[in-house]
């Protein structure tokens, strides 16, 4: 009798103990990914980020290169460019005692002489007797010689058998540019005064005007 009671008490005590909860079972439709799948996904994301950063960096590099010269100059090329820049013409300049106007230099003689000797003097200076281009140039020359009460030989004479006024460069006088006053005959040469272009004997003594083209004056190394 006592033994039965003890057995019953032990049975009740065991059945009253709390039961451990088991984890909920997954439904058959749920897919549980293995751990290496998750690791592969993380690595893929990291690679994608690195790829995007690489593309951005490459784009910046390309833009930087495009802003630079395609070919870098060698030291020899740099020196050559400096030499060209230094030796480049800086201005147009006439010789001393010559006067510049437009693209010409003019020289006025100080002592009178015949037309032929005046022509030879200009040739010795590497120039020619004056060849008047237009009325504007004639006005400049009259201002240049203003105050000198003399006429000035120019490179124009009367030629036979053509019976024409010709410049020493063989071109014929344009009467719209100059009108000649005075007798026109053999051995006639032209001179300019403050108000006229005169026909005179080539053996007369006059001052004269030489002309030459402007030349480039270069500023070179060591000058």
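Heads up, the Cβ atoms here are built off N, Cα and C, so glycines get one too.
Keep in mind it's a predicted model, so treat the numbers as computed, not measured.
The feature topological domain 'Cytoplasmic' is assigned by Swiss-Prot to 1-45.
Per Swiss-Prot, motif 'ITIM motif' is recorded for 5-10.
As annotated by Swiss-Prot, motif 'LCK-binding motif' applies to 31-34.
Annotated transmembrane segment per Swiss-Prot: 46-66, in sequence order.
Annotation comment: Swiss-Prot describes 67-223 as topological domain 'Extracellular', evidence class sequence analysis.
Annotation comment: Swiss-Prot describes 101-211 as domain 'C-type lectin', evidence class sequence analysis. As a whole-number mean, the pLDDT of the domain 'C-type lectin' (101-211) in this prediction is 94.
In this structure, residue 122 (disulfide bond) is part of a helix by DSSP. Close to residue 122 (disulfide bond) in the fold, though at least 6 residues off in sequence, lie 107, 128, 129, 208, 210, 211, each with a CB less than 8 Å from its CB. Here Swiss-Prot flags 122-210 (among others) as disulfide bond.
Cβ neighbour count for residue 202 (disulfide bond): 19 (other Cβ atoms within 10 Å of its Cβ, all protein chains included). The disulfide bond annotation in Swiss-Prot covers 189-202 (among others).
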Secondary structure composition of the domain 'C-type lectin' (101-211) [DSSP: H/G/I, E/B, coil]: 20 helix, 40 strand, 51 coil
